[in-house]
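Trainee: Please find one structure pasted underneath; my questions will follow.
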Amino acid sequence: MSPHGNGNLSVMTFQEFLLEGFEGGLQTQALLFALFLALYVVAVLGNLTMIVVITLDARLHFPMYFFLKNLSFVDLCYSSVIYPKALANFLSSSKVITFAGCATQFFFFSMLVTTEGFLLALMAYDRFMAICSPLRYPISMCPSVCACLVLGCYCGGSFNSIVQTPLTFTLPFCGSNHIDHFHCDVPPLLKLACADTMTNELVMFGLSGLIIMGTTLVVLVSYGYITVTILRMSSGEGRHKLFSTCGSHMTAMSLFYGTLFVMYAQPGAVESMEQGKVVSVFYTLVIPMLNPLVYSLRNKDVKDALWRLGQKHTAK
């Protein structure tokens, strides 16, 4: 790192950062490593299974499963952007990440986690169209429309990342290069900056708040209409099945949006790093692990597809 003068303040251009991760001795670090590794393996296997099953089974080539496959892909990618490095740091005395590596990790993490938020809103809208407008559904959600909607989700995630990444990593950092987190994120990086970060915080709170509130509104309105439609059904069994499925989906979405709101879209979120680490584990690891379980174990079509693939495998 090369210092240069800036009045009485010594500003450093760091070539590397240190990810401090979680506090604790060797035993605590080993326990956390085992826990995080188990969760990460389950998340990878679950999301890979969903991608393979939906790709190979022609009976699942419908909009809902196309969106679900993209959700599994995003979950797989953004947990993999963070946890291989985090797991290595649990067992290493050197927790170094280069400046370029930190910026790259943050860019892809920010892009993918934002894309997931848009995808969850899109999946809620898809269920709204399927349940509330079944006659229009095949036309409204044709393959070309679905592809454009998913592309829009990725573009929205990319826009957020393109705004946030240079705004954060062009800040002058001084004093310490120790990031009080287990991955590169805006709040802990802002604490290392030796310049006024008010603009960065306003952009983070404003942009994150707009995305979270906008997508949450789509989810709530969609499931509101779905609930009204279900209540009008004459079949009690049909109502129970749909309520059960939609309830699990709403739980998964609430956990995702809630943790993001706590971390990025409220004033004061930057100050509580210890809380931030725990909250980050939920939306970077626990939710990617839970999504395949929520959307497959409670879905008869996916379970049937898994059974058919298993039968083909044993037949060979």
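Every residue, even glycine, has its Cβ placed from backbone N, Cα and C.
Because TrEMBL annotations are produced automatically, they should be read as predictions rather than curated entries.
Here's the feature list from TrEMBL:
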TRANSMEM  30-54  transmembrane segment
DOMAIN    46-295  domain 'G-protein coupled receptors family 1 profile'
TRANSMEM  66-86  transmembrane segment
TRANSMEM  106-125  transmembrane segment
TRANSMEM  137-159  transmembrane segment
TRANSMEM  202-226  transmembrane segment
TRANSMEM  247-266  transmembrane segment
TRANSMEM  278-297  transmembrane segment
Trainee: Restricting to the domain 'G-protein coupled receptors family 1 profile' (46-295), what is the model's mean pLDDT?
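Mentor: Mean per-residue confidence for the domain 'G-protein coupled receptors family 1 profile' (46-295): 87 out of 100.
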Trainee: Report, as numbers and ranges, every residue of the chain located at least six residues beyond the transmembrane segment (30-54) whose Cβ falls under 8 Å of a Cβ in that stretch; write 'none' if there are none.
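Mentor: Contacts with the transmembrane segment (30-54): 22, 24, 60-61, 65-66, 68-69, 72-73, 75-76, 79-80, 83, 86-87, 90-91, 281, 285-286, 288-289, 291-293, 295-296, 302, 305-306, 309.
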